[in-house]
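First up is the structure itself, then whatever we jot down about it.
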Ligand SMILES: NC(=O)c1ccc[n+]([C@@H]2O[C@H](COP(=O)([O-])OP(=O)(O)OC[C@H]3O[C@@H](n4cnc5c(N)ncnc54)[C@H](OP(=O)(O)O)[C@@H]3O)[C@@H](O)[C@H]2O)c1
């Protein structure tokens, strides 16, 4: 097969539209491109590489292997829960951006720079959570050198991570309107709540970071904790990481390893901000320093474009890997 026939589920959303941008940039040999969304957007026309493509309503009948053999899903967990199995039953390879299948033991959770081999022959592959992707990239470099024993994440997550509704709420509350999506006013504020609270007092976003880190690094025993905070930034997540290792850290060696790692842009002197990450697919890492309060411990800061590397670009990179392996 010399053409990649592809469907995008959730094509009109924030991640869905970014899939199109990234696909254009990566120049994959696309054949059919089928755009699927809810009945609200059916009939809308989307411009891709100079051609107008009509958005179709997602139904069970959408998954016809004669039309496409690959699908990128980004329409939320409940849609993935219903339709990803329909697609795979029909022999279509699905890369799912929602949290629905990430912790399923038969579904690989993939960051291509780290574990592209886990894809194997699977028909359903999950894209990790946005803040997990950008954090685990540098964490893996540290882990390979000094064996991570514990990591504590504190995140500063942009409203684009909640899709269109998050962006509209920030813009609205900046103008003095009442919150339309978040539980409290997000403008000029920080909300230590992302997703719902669980019985143990953590939020679901924090639980995702903890469980997904262990799954990607294939290390059930790693001590991981997180506090996830929504901040009034339009796009780009930031994460402060405090890491304790089993072995003694050589900071010059670590800086060299970070500077040469695939997918990372290392800032030796200056520090990166969320704005620097906009439009990039690399994770920007800086402020590496010794934590003087704990043995074998360090601090690190990382930023990434959550809609690109945290979602669309990572998924398209998985697609590219599969296409190169299987065609
Ligand atoms: N934004 C991020 O940074 C980010 C990062 C990682 C993961 N994610 C995940 O990616 C997914 C989408 O996020 P987003 O930010 O792109 O959200 P969004 O901007 O709200 O877009 C949602 C998309 O899903 C479609 N959709 C909703 N209900 C549907 C239905 N019943 N049938 C078919 N399509 C339906 C929407 O179509 P209509 O236009 O027709 O409503 C739209 O295309 C979520 O699972 C989210 O957790 C997002």
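Cβ coordinates are placed from backbone N, Cα and C, and glycine is handled just like the others.
Here is what TrEMBL records for this protein:
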- 5-122: domain 'Semialdehyde dehydrogenase NAD-binding' (DOMAIN)
- 12, 13, 14, 15, 40, 41, 160, 161, 179, 306: NADP(+) binding site (BINDING)
- 102: phosphate binding site (BINDING)
- 130: active site, acyl-thioester intermediate (ACT_SITE)
- 157, 230: substrate binding site (BINDING)
- 237: active site, proton acceptor (ACT_SITE)
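Positions of TrEMBL features highlighted on the structure.
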residue: 12; record: NADP(+) binding site; contacts (Cβ under 8 Å, 6+ apart): 35, 37, 41, 44, 46, 55
residue: 14; record: NADP(+) binding site; contacts (Cβ under 8 Å, 6+ apart): 160, 163, 164, 167, 307
residue: 40; record: NADP(+) binding site; contacts (Cβ under 8 Å, 6+ apart): none
residue: 102; record: phosphate binding site; contacts (Cβ under 8 Å, 6+ apart): 109, 126, 128, 129, 208, 212, 215
residue: 130; record: active site, acyl-thioester intermediate; contacts (Cβ under 8 Å, 6+ apart): 157, 161, 237, 304, 306, 307, 310, 311
residue: 179; record: NADP(+) binding site; contacts (Cβ under 8 Å, 6+ apart): 169, 172, 173, 185, 186
residue: 230; record: substrate binding site; contacts (Cβ under 8 Å, 6+ apart): 157, 159, 161, 162, 166, 182, 186, 190, 191, 193, 194
When the Cβ positions of the recorded positions 12, 130, 237 are compared with the atoms of ligand 1, which fall under 6 Å?
12, 130
For the domain 'Semialdehyde dehydrogenase NAD-binding' (5-122), residues assigned helix / strand / coil by DSSP:
37 helix, 32 strand, 49 coil
For residue 160 (NADP(+) binding site), what is the secondary structure by DSSP, using just helix, strand and coil?
helix
Looking only at the domain 'Semialdehyde dehydrogenase NAD-binding' (5-122), what is the model's average confidence as pLDDT?
97
Secondary structure at residue 179 (NADP(+) binding site) (DSSP, helix/strand/coil)?
coil
